[in-house]
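Residues or ranges marked as Mg(2+) binding site in TrEMBL: D61, H172, T174, E331. Marked as Zn(2+) binding site by TrEMBL: D61, D336, H340, D377, H378, H452. Positions annotated as active site, phosphoserine intermediate by TrEMBL: S111.
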Amino acid sequence: MFAVRVSILCYLLPLLSMSYGSVEEENPEFWRSSAQNTLRSALSRTLNTNVAKNVVLFLGDGMGVTTITAARILKGQLQNSSGEETIMNMDTFPYVGLAKVYSVNFQVPDSASTATAYLCGVKTNQNTVGVSAAARSGVCSSQKGNEVTSILKWAKDAGKSVGIVTTTRVQHATPSASYAHSVSRSWYSDADLPSSAVTDGCEDISSQLLRNTDIDVIIGGGRKYMTPKGFPDPEYPTDLSSQGKRLDNRNLIDEWLSMKEGKVARYVWNKTDFDAVDPAKTDYLMALFEPGDLRFDVDRDTSMDPSLSETTEKAIQILKKNPNGFFLLVEGGRIDHGHHDSRASMALHEAVAFDEAIARGLALTNEEETLTVVTADHSHVFTFNGYPFRGDNILGKSPLFATDLLPYTTLMYGNGPGHIITDNKRPDINDVDTAANDYVQQSAVPLDSETHGGEDVALFARGPMAHLFQGVYEQNYIAHAMAYTACVGTNLEHCAVNAQP
């Protein structure tokens, strides 16, 4: 083993002379000047204590700190730089905190319990949305009386416009926690309800999308949960898996349109019709671009599906017409799915697209009156390792070989589908393109789907009262801090302070 380590070191040492930064970075004054500029920026910062007319919450599903770092490097490398020094849009936010993500009954949470925490202000049990921890996962009879409402509803009750934008189905865990109450995050349509839930009177999530809160903008996927069983999908009419799922024969899309009588309401399912929607003349918009989740951004048919930046822009343009302001949830939901597949390239490209949507949101709003928050619900067992040289492809291989004399990638997973052992050896990836979108990173433990991680997640904030998000706090604090800033919900003290002469 010692001989192997010596041979690896001997391989590495000649390469060290090849891996130095720019000439200016060799000058100490470069770093001193950079630090002083950062210091001056921090010292000139003043607190914005305005009431937030608008709140935009950007939620990167599964976007742990390792994902942010790796996505930052990828973003830079896509722009032909070394990547490490790249500044993400979220990096420009002046206030940063850490949120503790455990759920009431699990150390490592799921997206349903975490969404209930940061949207409803209450920690709860795994697999449940919009209910307290007194409710039991999958037990319909425990749901009644244990419902909790979200900041989306608080904002609507305060006279603001509200919207959800996601790259998943709109019935998925993150968006559903803003409007639904369900002891199972998977009860997307009535076809998903067990007989006991039907008997005990529980309602599927899609039905609640129409009934619970009057949401002005709904953008994502999930058409098949809204239409009757066997109803052909407009984009994939011959695909049986894309057909409607509902057993009650309801067409919730038609019902939604009929509920908006007297208002200008638009339903669209493709980019052409979406682009034709005039925000100035539209009161309500429902845009469902896929039967289920949207495609990964790198696989997106740009003629059929808009980008997350484009959907974010349309949502803000419609919502900002309300003189009382708005609340908008924007989810980069497929970062999480890329990680579950152990396809780092997919996850990171999703994170880059998410960061571009943040830039679009900032460009369309005024920091003096709009609180913008960027955070994640949880992380993944995703590691950044192996002493790669500065500027190495973030999706590439470490310059070091392992003790089995085989190469390994800079990005790996603690568990997942990438655990493959043949003849007591892991695969030799020396000639494999590990930057390919379909490449599955190796993992230490075999699982069909990689799991979440349980460490704290970062939160970035800018705008009115953004300083409230500094420090380390429970994840459910986020909803309360956003609500206080916007004077919605139960704590209206901030309104009273700002009303004083």
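Yeah, the Cβs are placed from backbone N, Cα and C, and that goes for glycine too.
A map of TrEMBL features onto the structure.
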residue	record	contacts (Cβ under 8 Å, 6+ apart)
D61	Mg(2+) binding site	S111, T168, T174, E331, G332, G333, R334, I335, D336, A376, D377
H172	Mg(2+) binding site	S111, T166, R185, G220, G222, D293, G333
H340	Zn(2+) binding site	G62, H380, G416, S449, E450
H378	Zn(2+) binding site	G62, G64, V101, V108, P109, D110, S111, T114, H452, G453, G454, V457
CB-centroid shell, 8 A cutoff, Zn(2+) site D61, D336, H340, D377, H378, H452, site residues removed: G62, D110, S111, I335, H339, A376, S379, H380
Cβ neighbour count within 10 Å of D336 (Zn(2+) binding site): 30
Cβ neighbours of E331 (Mg(2+) binding site) where a neighbour is any other Cβ within 10 Å: 30
Other CB atoms within 10 A, centred on D377 (Zn(2+) binding site): 31
